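K.L.:
Pasting a structure below so you can have a look.
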């Protein structure tokens with residue numbers, strides 16, 4: 001849940017699984033991206049979708065999405081872990097994650113982002129609308145319901 005009470009997992013299911021089948025077919029996501037004008041982002045998103053299909057059955061099950069949103073291997077909701085991750089993103093050490101910080105970090109992790117992709121990601125969690133993500137806003141990403 002974000003600070004505004006938006007449950008992104010539920011929103012994800014509503015947008016991509018409106019029939020409540022319990023799975024998403026990558027072709028449906030691709031069609032939705034194209035229909036909504038996200039041609040530049042389509043390949044990156046489809047690469048991520050391929051990664052999500054852990055059992056390689058051609059479908060993204062609810063369990064696979066939940067595993068991504070709530071990984072068991074590290075407890076990111078613990079403040080010290082969140083701060084450690086935040087510091088890795090804050091390249092210019094100004095206590096804020098900017099679009100440039102996000103793009104640099106993503107590139108170093110092997111997931112290059114376009115400028116537009118990075119702006120959209122920052123906007124999703126920038127509750128004070130300053131164009132950057134502070135530690136409190138960053139922490140909201142990892143809050144569980």
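Glycine is no exception: its Cβ is also placed from the backbone N, Cα and C atoms.
TrEMBL does not curate its annotations; it predicts them automatically.
Found this in TrEMBL, in case it helps:
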type   : residues : note
DOMAIN : 40-75    : domain 'EF-hand'
DOMAIN : 77-112   : domain 'EF-hand'
DOMAIN : 113-145  : domain 'EF-hand'
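Tell me about the surroundings of these features in the structure.
P.N.:
Same-chain neighbours of the domain 'EF-hand' (77-112): 44, 118-119, 121-122, 130-135, 138-139, 142-144, counting only residues six or more beyond its ends whose CB sits under 8 Å from a CB of the stretch.
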K.L.:
Give, as a single whole number between 0 and 100, the mean pLDDT over the domain 'EF-hand' (40-75).
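P.N.:
Averaging the confidence scores along the domain 'EF-hand' (40-75) gives 71.
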